[in-house]
Amino acid sequence: MKNQHANPGVRQVRPRNESGRELTLTFHEKRRGKPPRHLADLDRGERRELLEQMGHPGFRADQISAHYFTHRTIDPDRMTDLPENGREELVAAVLPPLMERVSSQVADGGKTLKVLWKLHDGVVVESVLMAYPDRATLCLSSQAGCGMACPFCATGQAGLSRNLSAAEIVEQLRRNMEIAESGELGAPRRVTNVVFMGMGEPMANYPAVREALRRMIEPAPEGFGMSARNVTVSTVGLVPAIKKLALEGMPVTLAVSLHAPDDGLRDDLIPINSRYKVGELLDAARLYFVKTGRRVSIEYALIKDMNDHQWRAQLLAAELNRRGRGWAHVNPIPLNPTPGSIWTASTAAATRTFVDTLRAEGISTTVRDTRGSDIDGACGQLAAEVVDRDNVARRAKKAQEAVEVRIMEHRAEPKDLAQQLAAGRRGTDG
Ligand code: SAH
């Protein structure tokens, strides 16, 4: 098939940066603000222990947990099953306030709400609540900032401030449940779905994310009792962590932010690809499917004239099919240009061709709904108001220009494409 979209003569990008600045990954936190101790950091046994250490009967832990996870409240006045004497102090000690709602922005006719939260040490994170007719989905943050430095993502430009604690992640959910149930987005709704697609790389904050996942899916009074399949962890592809998660016995949905089926391009789009290559990543994703029975989502931000070529759709299909049938679902999403972005979303025609090509190869594919782009609340746009946005824009532009030179070399079809596609067609049934 002839590629209709790659036209080397037409570039959407103007300036070249010959310096080829290397993007740096960050795994270490700039700030270490240990959040206050909170019940949601602990499992049921640890909660009992804590209460006993504090001189209370252990069963109080379950009572307080039920208020938190079932009634979603931290208000001591509503906890009438606790002795009145010392109730406030007890609740303050185990359910301390972890975050303050600083500001909110509404989009999509009142159906999308982005909230800026300030944590105890002044660090800020954002969450995005999306209302649907009969339910709501929460997009939450796992880190303040992000160390993965993907040049098309605003969060990546400011670097990593710090990891969130399990309770800080869980509390984003509880607060947004309150908001959704209060009817702030029109009718009262339940938050039935959670996606770790806000700020941060969840697999780079593994222990806290694992605990937060437990709180989300374990039944009350242990946790919120959400359906594991409705909780999606999205990752750039930290392979060892994916393999670990596959064995945790928590069949949450895994989303892999692939964005390119070839290492040549992915090395520049997702800097961690220099450590974990596409093949290794897809093997880990396939393993996740085998161990959990959950179909893996492959996220693919379509960037005009960069990764949206038809041959890349064919190559992606081949890479998936050679590892088995029906184990992955592709979610293309038109790029949300971030502040300062020199890259733009693929055209509607290119998007259609990309989707049709995948489907023709038997890959189930749905274009993801973009919410909140007019409030910088869409995927990859969360940078938190307080961060200097001009700086974010400048860094995004620089980061993109730095890799643009090399990316130009990766527009053409690889010479052995036919061979690679044939390998995909030979793929086994899985
Ligand atoms: N670090 C994780 C989770 C956060 S980003 C990850 O990368 O998966 C959530 C999703 O938004 C990812 O699929 C990410 O690649 C995508 N994304 C980032 N920037 C984007 C942009 N500008 N437009 C569209 N999607 C973007």
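The backbone N, Cα and C atoms fix where each Cβ goes, and this holds for glycine too.
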*Additional site residue, SER182, SER227, SER234, SER274 [criterion: listed by TrEMBL with GLY200, GLU201, SER257, LEU258, HIS259, ASN336 for S-adenosyl-L-methionine]*: SER234
*Give the distance between the Cα atoms of SER234 (S-adenosyl-L-methionine binding site) and CYS150 ([4Fe-4S] cluster binding site), rounded to the nearest whole Å.*
14
*If you draw a 10 Å sphere on the Cβ of GLU201 (S-adenosyl-L-methionine binding site), how many other Cβ atoms land inside?*
31
*Near SER257 (S-adenosyl-L-methionine binding site), how many other Cβ atoms are within 10 Å of its Cβ?*
25
_Largest separation between Cα atoms (Å) of residues that the record links to S-adenosyl-L-methionine, namely GLY200, GLU201, SER234, SER257, LEU258, HIS259, ASN336_ = 18
*Distance between LEU258 (S-adenosyl-L-methionine binding site) and CYS153 ([4Fe-4S] cluster binding site) at the Cα atoms, whole Å?*
14
*Output: those binding-site residues from CYS153, LEU258, ASN336 whose CB lies less than 6 Å from an atom of ligand 1, in sequence order; none if no residue fits.*
CYS153, ASN336
*So which binding-site residues are near ASN336 (S-adenosyl-L-methionine binding site), with CA atoms within 10 Å, out of CYS146, CYS150, CYS153?*
CYS153
